[in-house]
Amino acid sequence: MKTLLLTLVLVTIVCLDLGYTLTCLICPKKYCNQVHTCRNGENLCIKTFYEGNLLGKQFKRGCAATCPEARPREIVECCSRDKCNH
């Protein structure tokens with residue numbers, strides 16, 4: 001009986017995803033609901049807002065390992081919770 005219980009515990013541990021995987025929004029629009037599971041090592045969600053270009057306002061969302069620096073006429077927001085880059 002102990003062997004069966006130990007086997008069940010081991011199978012459960014192997015089958016569970018013990019690591020936490022961040023999910024972020026990834027669409028290039030102002031309002032977004034497309035969710036993406038970030039890769040291992042990507043622990044931040046980012047949202048980049050480009051202002052004043054010829055195409056109007058543009059958004060870029062996704063996952064990142066580090067928070068990028070904003071370039072001129074750009075706003076960058078980084079966060080570390082699921083879907084926090086809305």
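The backbone N, Cα and C atoms fix where each Cβ goes, and this holds for glycine too.
Counted within 10 Å of its Cβ, the other Cβ atoms near C45 (disulfide bond) come to 27, all protein chains included. According to Swiss-Prot, the disulfide bond annotation covers C24-C45 (among others).
Taken from Swiss-Prot, the feature disulfide bond covers C27-C32 (among others). Listed in sequence order, the residues of the same chain lying 6 or more apart from C27 (disulfide bond) and placing their CB within less than 8 Å of its CB are N33, Q34, F59, R61.
Look at Swiss-Prot and you will find C38-C63 (among others) tagged as disulfide bond. Within the same chain, residues at least 6 positions away in sequence whose Cβ sits under 8 Å from that of C63 (disulfide bond) are L22, C24, I26, H36, C38, R39, E42, L44, C45, I46.
The disulfide bond annotation in Swiss-Prot covers C67-C78 (among others). In three-state terms derived from DSSP, C78 (disulfide bond) belongs to an extended strand segment. Around the Cβ of C78 (disulfide bond), the number of neighbouring Cβ atoms within 10 Å comes to 16.
Same-chain residues at least 6 positions away in sequence with a Cβ under 8 Å from that of C84 (disulfide bond) are, in sequence order, C24, C45. Among the features that Swiss-Prot reports, disulfide bond is placed at C79-C84 (among others), with the record citing similarity to another entry.
What Swiss-Prot records for 1-21 is signal peptide, and it gives experimental evidence as the kind of evidence.
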Q) Under a criterion of Cβ-Cβ distance under 8 Å and sequence separation of at least 6, what residues of the same chain contact C79 (disulfide bond)? A) L44, C45, N85
Q: Do me a favour and check the Cα-Cα span between C78 (disulfide bond) and C32 (disulfide bond); whole Å is fine.
A: 16
Q) How long is the line from the C-alpha of C67 (disulfide bond) to the C-alpha of C32 (disulfide bond), rounded to the nearest angstrom? A) 20
